[in-house]
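A.B. asks: According to TrEMBL, the protein carries these features:
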ACT_SITE  A:CYS17  active site, nucleophile
BINDING   A:CYS253, A:CYS399, A:CYS450, A:CYS453  [4Fe-4S] cluster binding site
BINDING   A:SER300, A:ASP362, A:ASP363  Mg(2+) binding site
DOMAIN    A:17-237  domain 'Glutamine amidotransferase type-2'
4 protein chains.
Amino acid sequence: MLSYTDPRKADKMTEECGVFGLYAPGSPVARLTYYGLYALQHRGQESAGIAVADGETITGEKGMGLVADVFPDTGKLDQMKGDLAVGHVRYSTCGASAPVNAQPLVVRYRNGALAIAHNGNLINGRLLRQQLEAEGSIFQTTTDSEIIAHLVARSGEKELTAALKKTLPQLEGAYAFILMTPDQLIGIRDPHGIRPLSLGKTASGYVLASETCAFDLIGAQFLQDLKPGEMVIIDRHGLRFERFAPPAEPAMCIFEFIYFARPDSNLLGKNVHLVRKRMGRRLAREHPVTADLVTGVPDSSLSVASGVAEELGLPLEMGFVKNRYIGRTFIQPSPEMRALGVQLKLNPVRQIVAGKRVVMVDDSIVRGTTSLRIVEMLRKAGAKEVHVLISSPPVIAPCYYGLDISSSSELIAARMSIPEITREIGADSLGFLSEEGLLAAVDLPEEGFCRACFNGCYLVKPPEDREAPNWSGAQKNRRCQSVGLHL
Amino acid sequence: MLSYTDPRKADKMTEECGVFGLYAPGSPVARLTYYGLYALQHRGQESAGIAVADGETITGEKGMGLVADVFPDTGKLDQMKGDLAVGHVRYSTCGASAPVNAQPLVVRYRNGALAIAHNGNLINGRLLRQQLEAEGSIFQTTTDSEIIAHLVARSGEKELTAALKKTLPQLEGAYAFILMTPDQLIGIRDPHGIRPLSLGKTASGYVLASETCAFDLIGAQFLQDLKPGEMVIIDRHGLRFERFAPPAEPAMCIFEFIYFARPDSNLLGKNVHLVRKRMGRRLAREHPVTADLVTGVPDSSLSVASGVAEELGLPLEMGFVKNRYIGRTFIQPSPEMRALGVQLKLNPVRQIVAGKRVVMVDDSIVRGTTSLRIVEMLRKAGAKEVHVLISSPPVIAPCYYGLDISSSSELIAARMSIPEITREIGADSLGFLSEEGLLAAVDLPEEGFCRACFNGCYLVKPPEDREAPNWSGAQKNRRCQSVGLHL
Amino acid sequence: MLSYTDPRKADKMTEECGVFGLYAPGSPVARLTYYGLYALQHRGQESAGIAVADGETITGEKGMGLVADVFPDTGKLDQMKGDLAVGHVRYSTCGASAPVNAQPLVVRYRNGALAIAHNGNLINGRLLRQQLEAEGSIFQTTTDSEIIAHLVARSGEKELTAALKKTLPQLEGAYAFILMTPDQLIGIRDPHGIRPLSLGKTASGYVLASETCAFDLIGAQFLQDLKPGEMVIIDRHGLRFERFAPPAEPAMCIFEFIYFARPDSNLLGKNVHLVRKRMGRRLAREHPVTADLVTGVPDSSLSVASGVAEELGLPLEMGFVKNRYIGRTFIQPSPEMRALGVQLKLNPVRQIVAGKRVVMVDDSIVRGTTSLRIVEMLRKAGAKEVHVLISSPPVIAPCYYGLDISSSSELIAARMSIPEITREIGADSLGFLSEEGLLAAVDLPEEGFCRACFNGCYLVKPPEDREAPNWSGAQKNRRCQSVGLHL
Amino acid sequence: MLSYTDPRKADKMTEECGVFGLYAPGSPVARLTYYGLYALQHRGQESAGIAVADGETITGEKGMGLVADVFPDTGKLDQMKGDLAVGHVRYSTCGASAPVNAQPLVVRYRNGALAIAHNGNLINGRLLRQQLEAEGSIFQTTTDSEIIAHLVARSGEKELTAALKKTLPQLEGAYAFILMTPDQLIGIRDPHGIRPLSLGKTASGYVLASETCAFDLIGAQFLQDLKPGEMVIIDRHGLRFERFAPPAEPAMCIFEFIYFARPDSNLLGKNVHLVRKRMGRRLAREHPVTADLVTGVPDSSLSVASGVAEELGLPLEMGFVKNRYIGRTFIQPSPEMRALGVQLKLNPVRQIVAGKRVVMVDDSIVRGTTSLRIVEMLRKAGAKEVHVLISSPPVIAPCYYGLDISSSSELIAARMSIPEITREIGADSLGFLSEEGLLAAVDLPEEGFCRACFNGCYLVKPPEDREAPNWSGAQKNRRCQSVGLHL
């Protein structure tokens with residue numbers, strides 16, 4: 001399974017999963033869900049699954065790998081007949097990378113069958129799990145979906161929406177759920193709207209997806225983003241919206257704009273590529289550099305790099321080429337191979353960078369190891385100077401919604417000053433986009449965003465068993481006043 | 001197997017294959033060849049194979065699919081021990097798409113074992129095959145490699161190089177061969193140098209590859225391109241160059257620059273990305289357009305598009321996003337799906353193009369169907385105007401070295417004038433790069449290139465059973481004088 | 001998956017599953033379990049799984065197909081390190097044939113991790129499931145293992161054995177469970193001992209298995225059969241036996257002797273082959289036939305046939321050959337193929353049967369379709385007479401412990417008299433072994449056996465939603481007096 | 001691939017392959033060939049392949065593994081449309097176990113396409129190969145089929161049958177070929193008829209197969225065995241027989257009766273099971289033993305064992321059970337596992353043999369290692385005495401037609417006397433069937449058989465580079481007079 005894991009990912013924010021739901025009687029819902037998941041594949045390559053409902057039963061199929069690996073031919077898909085479907089692609093956030101954790105989770109409970117797909121991470125997941133176990137629940141997976149299934153089943157409510165209204169307020173953290181009964185599709189977004197979830201319209205029904213690019217692929221029209229704290233119920237009576245929590249401070253994860261989302265998706269009505277390009281322009285204005293050319297680390301930083309190049313009036317060049325042909329399982333080079341100089345995914349282009357002062361644009365620095373390696377590559381390829389521009393502020397605090405860094409000590413920017421980082425990664429200069437610059441580029445003044453990883457100001461009190469960021473309350477206080485969040 | 005085939009390919013020049021050879025006693029040659037082929041994977045995704053030699057025997061393994069599919073784990077690779085290796089990735093040019101046509105071809109003949117990997121297409125292949133059959137030869141594949149194997153075996157020469165010198169002059173067409181005996185590696189490039197073949201140096205030996213990007217991946221140093229009509233013999237005595245044909249007019253296929261090669265490769269010492277960017281600048285100067293933004297069709301046209309954008313002073317935007325997650329087998333949408341609006345690989349970005357005057361850059365127009373589809377996509381996504389710029393001249397004549405178009409009547413530019421094509425594909429304007437502009441961008445005034453597909457002036461008389469281009473001798477005469485080639 | 005299903009199975013008793021457990025610190029427990037399951041493969045070919053425990057955690061792997069398909073190489077097995085293991089092979093009894101129903105089931109509950117493997121069928125499974133759902137439980141599978149997991153988790157007991165003692169009395173039906181905690185292995189057999197479960201000793205520990213043939217394969221020594229209503233706890237303190245139910249009337253399913261068990265296994269201390277051979281001798285004595293030769297339907301009836309042949313003093317011949325080369329997926333002949341005469345598994349041998357009076361021995365007649373087909377085959381191959389001897393009494397009543405016949409109307413012997421059946425299947429004569437003869441052959445006068453399928457006398461009241469056998473209470477009364485069971 | 005190899009095979013005669021050909025316009029020839037190969041699967045499990053012809057072209061598909069593995073679904077088969085087909089299953093005799101050696105071989109030569117399937121082994125294969133290489137031929141495989149293809153292509157004859165008549169006399173050794181042109185099927189059997197090949201009739205055409213059991217499976221009628229030195233040509237004009245060699249001494253390999261063929265096949269009109277049973281009767285008469293029971297090593301010796309039991313008046317018991325569930329790849333026990341007592345395929349049945357005097361029947365002793373292991377197993381299981389009866393004479397000389405024993409020193413019976421072997425394998429007594437007894441059991445007094453492995457009297461002079469059996473000419477002389485063969 002490692003084969004699908006971009007080695008750079010280990011040094012990236014990785015809170016990702018993709019969810020997709022479709023209510024479209026008369027359409028080939030399993031096939032359309034397959035295509036929808038294909039559009040969301042960048043959000044998770046570890047496992048994939050689809051469940052369909054035909055008014056009476058739910059049948060599902062899931063497995064490890066890309067959606068194309070789990071459904072290698074039309075056989076399984078075409079047997080999955082129904083009027084509605086839900087799909088999931090997974091990048092392991094919490095929960096081991098195991099077949100059993102593939103989603104959608106399909107369960108039976110007192111009110112019948114239920115399928116659940118989830119993107120997010122509950123902060124109080126461990127606590128809820130302990131409470132449920134204490135009450136006699138058994139767990140077969142380590143997913144948050146199983147927690148919600150138990151809560152719904154134990155709610156005592158006969159109506160699913162009633163059960164959800166009783167249950168959801170117990171959850172703390174980031175979540176976007178799609179639930180499916182034999183005849184109903186329900187979309188849910190947490191009260192802060194940390195994870196995205198959009199609603200669209202197809203020829204014969206409605207569609208829910210983590211990102212709008214999935215609508216484009218299947219020819220659906222975007223209707224609206226789900227409101228934080230709201231659920232949408234889709235069935236033969238059409239659409240119905242219900243609120244399960246009072247309006248909370250909106251706080252979508254800003255890393256969706258920086259890194260997670262596909263450039264052709266729209267978040268909060270803004271096209272991601274265009275936002276990233278504005279980040280690039282702003283970044284260049286904040287950190288003007290004298291250089292010969294600009295290059296971005298593919299693929300995530302190409303939009304930003306074009307903004308940087310335009311602002312600096314420098315040529316945008318292809319400083320790296322990324323190899324895209326990854327089969328089902330790719331044999332990683334052994335250490336001996338790496339010592340021989342084998343470098344798999346990224347190839348710096350000597351003729352382009354040799355003798356040049358290069359502006360290298362990337363989206364973030366987490367541990368710093370990737371930046372170090374890329375600067376090194378450029379030097380080896382002959383770059384005279386390497387100026388690093390990063391389209392996000394320094395990441396100084398852990399993310400409790402999914403980043404797989406458990407301690408802030410792993411974060412280079414929590415340990416070092418910017419000049420120290422510059423030396424550490426071997427750059428001639430280093431510039432981070434400011435929080436203000438970032439927000440200006442996003443250009444949604446009315447919206448709030450979770451930027452806890454930049455400023456340690458958490459929306460929700462972190463769980464007690466998780467390490468608290470290592471700065472004093474005073475510091476936090478000062479930092480967080482502007483955002484008005486938990487200290 | 002269709003899954004690996006970019007649907008756009010059907011409307012593209014497709015003369016491609018990748019060859020790789022390594023002489024490096026003491027190194028894990030099979031593994032390094034695996035990585036070399038991975039770097040060349042863009043040249044062919046139909047089948048892959050590796051053969052290794054250990055001084056006494058040759059053992060090989062090949063199959064359908066990506067190199068990662070044929071060698072899914074280290075098992076097979078690690079059993080292939082030796083001092084030298086040869087590898088191949090195949091895009092079917094001539095010869096059916098069948099397992100038996102995977103290469104390298106490994107044969108035994110009077111002088112022992114021999115492995116052959118080939119990139120190219122022989123014009124007189126059918127004739128040679130008929131002659132060999134008449135003399136009692138049997139054929140198990142439809143590859144040109146099998147023809148050369150028969151010729152070598154029948155040459156009566158005891159020495160392989162002597163046999164090659166006797167044999168190669170019989171071949172007409174485009175070819176780059178890598179041959180391997182149990183202890184020797186031989187690289188061969190046709191007298192016109194139509195297909196590329198480069199020589200590099202590793203820590204412990206030498207390497208041959210279709211493109212220099214394969215050197216980069218395994219940490220090898222470029223030494224030189226093989227000279228047309230020359231062979232290089234690599235063995236324990238080091239390197240030895242021998243000429244098998246008198247110097248002919250150099251005529252590398254110019255489509256290597258336009259489309260085939262990876263942007264990080266160097267051809268004739270020129271970086272492909274930079275050449276393409278110059279094509280873009282030149283194209284913009286030849287066809288200045290008033291517009292709001294420039295976008296390229298990914299991935300091949302992004303370099304050109306950045307040149308166009310810089311020259312026009314317009315922003316370069318991501319007008320399309322290409323989905324890269326293709327598993328082993330991807331289920332193509334049915335016609336019903338397509339009717340529903342499912343579009344798989346390319347997604348036009350509405351927020352970027354809507355209401356805008358868009359310059360859409362692509363590399364070539366062959367049948368015209370792709371251009372039509374892409375222009376349509378942009379219109380649907382709301383583009384106000386679509387101006388198409390093509391980084392090659394109109395393709396008006398068949399290519400006998402591999403383009404899978406058997407008749408010039410399939411070529412839109414052979415049937416229609418430029419205004420007619422413009423209407424046909426629904427563009428507001430259409431500009432092709434001139435031959436002069438193309439050559440200027442390549443910037444190798446001393447070199448000649450095969451541009452027969454643009455001007456019908458063939459280096460080698462086309463085979464009689466192939467349709468002759470449908471213009472009069474006079475026309476040809478006029479067109480070809482400047483290039484001094486066969487009329 | 002159909003490929004693994006013997007087409008004859010559809011006309012056979014099919015209550016089967018195989019369970020295996022091993023406590024052997026220091027031994028390669030996953031590998032030994034793999035071999036143990038391989039020995040039990042005849043009990044289920046639908047899915048296979050293994051879970052191991054290392055004192056702290058439980059990790060498992062399972063999938064559809066033969067054990068060799070689920071663990072195709074040593075990779076997965078060798079990663080599963082531990083001191084104890086539990087394995088399962090499944091033939092779907094209740095619960096759909098779906099990956100999710102593969103066992104062992106691994107769950108987490110308040111007292112930690114638990115793995116469960118089950119052979120059997122609960123009569124009150126549906127009821128328990130409804131009760132649990134009403135109390136807020138969710139179900140992810142349709143296995144009985146999940147029911148027991150819920151009951152244990154909800155028992156409120158801190159100690160697993162205490163929880164089991166509280167839980168097991170709620171179960172009605174046939175069951176043999178192996179449970180595994182991170183450091184303990186527990187074997188359980190229902191109060192009537194309907195399903196077999198044996199205990200053995202290895203060099204470094206203990207082993208539990210559905211049949212003793214699994215002990216032979218891994219070189220373990222048989223210790224004893226588990227007593228009905230008893231559980232054995234195996235951990236670092238050694239063996240401990242505990243009773244969870246008062247002694248009930250012993251009633252092992254007699255079909256284990258007739259058909260399910262492998263001939264080299266011992267049940268209740270009796271070798272199955274020898275018992276079957278005695279059945280054959282007895283059958284021949286009850287139904288002496290004048291004929292030329294005896295033949296058995298492979299493989300299950302060969303032991304019986306040799307007893308018949310010896311008793312009748314007739315030669316035992318190979319009247320049928322069974323093809324054993326079944327790959328992962330075998331393409332079944334289409335109806336057209338069958339019409340052309342394609343017959344896949346069994347080939348009658350013309351030279352042996354042509355012109356002969358043949359005694360054809362089989363183990364049971366359920367629907368009668370198989371017998372019809374086999375008699376037909378023999379006739380076509382030229383048999384002059386076909387005398388059918390069946391080593392079990394007529395099956396006249398449904399089995400609520402697993403036979404996949406929901407209604408007694410599907411049972412030919414419930415609808416027809418023996419002369420009618422003889423005509424229906426086209427035999428010249430037909431003899432069934434009597435219940436007395438069967439018991440005499442088993443030769444365990446002290447033991448009781450469940451023979452409800454022969455006499456309608458059920459140990460446990462059948463569930464109300466299941467059809468009651470269609471004969472009058474008086475009949476039942478008379479039939480069941482001798483066995484003293486529920487009427 | 002080892003998985004398919006019965007470990008006992010390494011100690012068995014292994015000259016096997018299965019060929020199948022069908023001329024049946026209007027029938028699903030690829031599917032029927034699939035079933036035909038399935039019936040012949042016991043003759044080879046290493047690779048399988050099918051080629052079909054439709055009057056104009058030949059298309060084929062082949063691969064490693066069982067026929068069910070190579071054609072896992074109907075996809076490939078249903079694409080292979082045509083009027084005639086040829087199929088092959090391979091057990092590697094000469095030629096490495098490699099995909100490239102899978103058959104049928106499909107070639108193109110001056111007269112068009114040709115497919116070849118072969119069962120046999122040419123004694124002068126190496127010589128022919130050298131001659132062909134010297135004349136400029138290349139070889140891509142190490143099969144004899146490629147040799148015959150070259151010879152046919154070089155014959156200069158326009159007509160295939162003429163080419164074959166010119167070519168076949170050059171071959172020395174054992175062969176049964178099926179050739180297929182686009183519209184013709186040709187069956188060929190060597191002048192001594194060493195390998196079997198039978199002709200049958202289907203509803204719409206004709207069929208050729210190595211064994212008659214393939215006819216039974218597809219519902220075809222046996223017509224006749226091909227005569228040695230004869231070819232049959234099947235096309236739209238019907239059947240035509242032609243002789244390509246003068247009548248030679250008939251000498252079918254007698255091991256077909258002893259071990260290779262399926263018991264339900266007929267060879268030379270005799271049913272194999274009945275012949276084997278007569279061998280058993282004869283064996284018992286030649287070596288009367290006082291014992292308690294008779295048991296055969298499954299599956300090959302069960303027929304013989306029943307004859308022995310009847311003759312001795314002893315019960316026939318199931319002394320061993322063989323596990324038949326072998327998946328695609330089965331993990332062999334490591335030496336440590338074996339030391340722990342893991343024994344995979346054969347399980348001796350303690351309750352049957354313990355305390356008993358056992359007659360153990362097997363078909364042959366080659367190296368002796370298997371017999372040693374089996375006697376040991378029986379002793380461990382408690383057998384009081386083990387008397388070994390072998391249904392063939394001692395194997396004292398190498399077989400140049402395929403046995404994979406290169407030196408007679410590997411043959412236990414060439415090194416030791418019978419009393420010595422008895423001690424070596426640990427038996428209480430040991431009896432071999434005499435040559436006379438064997439021939440009497442076969443009961444074809446007019447036929448000759450190759451028994452060179454028993455007496456060193458070869459039909460054809462062994463190749464000079466192969467070791468000559470190590471006894472004096474005088475010995476040979478004496479032995480061979482009775483059979484009148486080459487000394």
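Here, residue 1 is simply the first one shown, and the rest follow in order.
Here the Cβ of each residue, glycine as well, is placed from N, Cα and C on the backbone.
From a predicted model like this one, the values you see are computed outputs, not experimental measurements.
How about a rundown of where these features are and what they're close to?
C.D. replies: Around the Cβ of A:CYS17 (active site, nucleophile), the number of neighbouring Cβ atoms within 10 Å comes to 26.
A simple way to gauge crowding: the CB of A:CYS253 ([4Fe-4S] cluster binding site) has 27 other CB atoms within 10 angstroms, across all the protein chains here.
Within 10 Å of the C-beta of A:ASP363 (Mg(2+) binding site) there are 23 other C-beta atoms, taking all protein chains into account.
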A.B. asks: Could you tell me which three-state DSSP class A:ASP362 (Mg(2+) binding site) falls into?
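C.D. replies: The three-state answer is strand.
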A.B. asks: Restricting to the domain 'Glutamine amidotransferase type-2' (A:17-237), what is the model's mean pLDDT?
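C.D. replies: Computed over the domain 'Glutamine amidotransferase type-2' (A:17-237), the mean pLDDT is 93 on the 0 to 100 scale.
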A.B. asks: Can you give me the Cα-Cα distance between A:ASP363 (Mg(2+) binding site) and A:CYS17 (active site, nucleophile) in Å, rounded to a whole number?
C.D. replies: 19
A.B. asks: Let me make sure I understand the structure: which of the binding-site residues listed (A:CYS399, A:CYS450, A:CYS453) has the fewest other Cβ atoms within 10 A of its Cβ?
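C.D. replies: Among the binding-site residues A:CYS399, A:CYS450, A:CYS453, the lowest count of other Cβ atoms within 10 Å belongs to A:CYS399.
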A.B. asks: For the Mg(2+) site (A:SER300, A:ASP362, A:ASP363), what does the 8 A shell look like? I mean other same-chain residues with CB within 8 A of the CB centroid.
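C.D. replies: Near the Mg(2+) site, the remaining chain residues are A:ILE258, A:TYR259, A:GLY296, A:VAL297, A:SER301, A:VAL304, A:VAL361, A:SER364, A:ILE390, A:SER391.
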A.B. asks: Given a separation of at least six residues and a C-beta threshold under 8 Å, show me what packs close to A:SER300 (Mg(2+) binding site) in the same chain.
C.D. replies: A:TYR259, A:ASP362, A:ASP363
A.B. asks: State the Cα to Cα distance, in Å, between A:CYS450 ([4Fe-4S] cluster binding site) and A:CYS17 (active site, nucleophile), rounded to an integer.
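C.D. replies: The separation of the Cα atoms works out to 18 Å.
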A.B. asks: Between A:CYS17 (active site, nucleophile) and A:CYS253 ([4Fe-4S] cluster binding site), find the distance joining the two CA atoms and give it rounded to the nearest Å.
C.D. replies: 14
A.B. asks: Indicate whether A:CYS17 (active site, nucleophile) is helix, strand or coil by DSSP.
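C.D. replies: For A:CYS17 (active site, nucleophile) - judged by DSSP and reduced to three states - the answer is strand.
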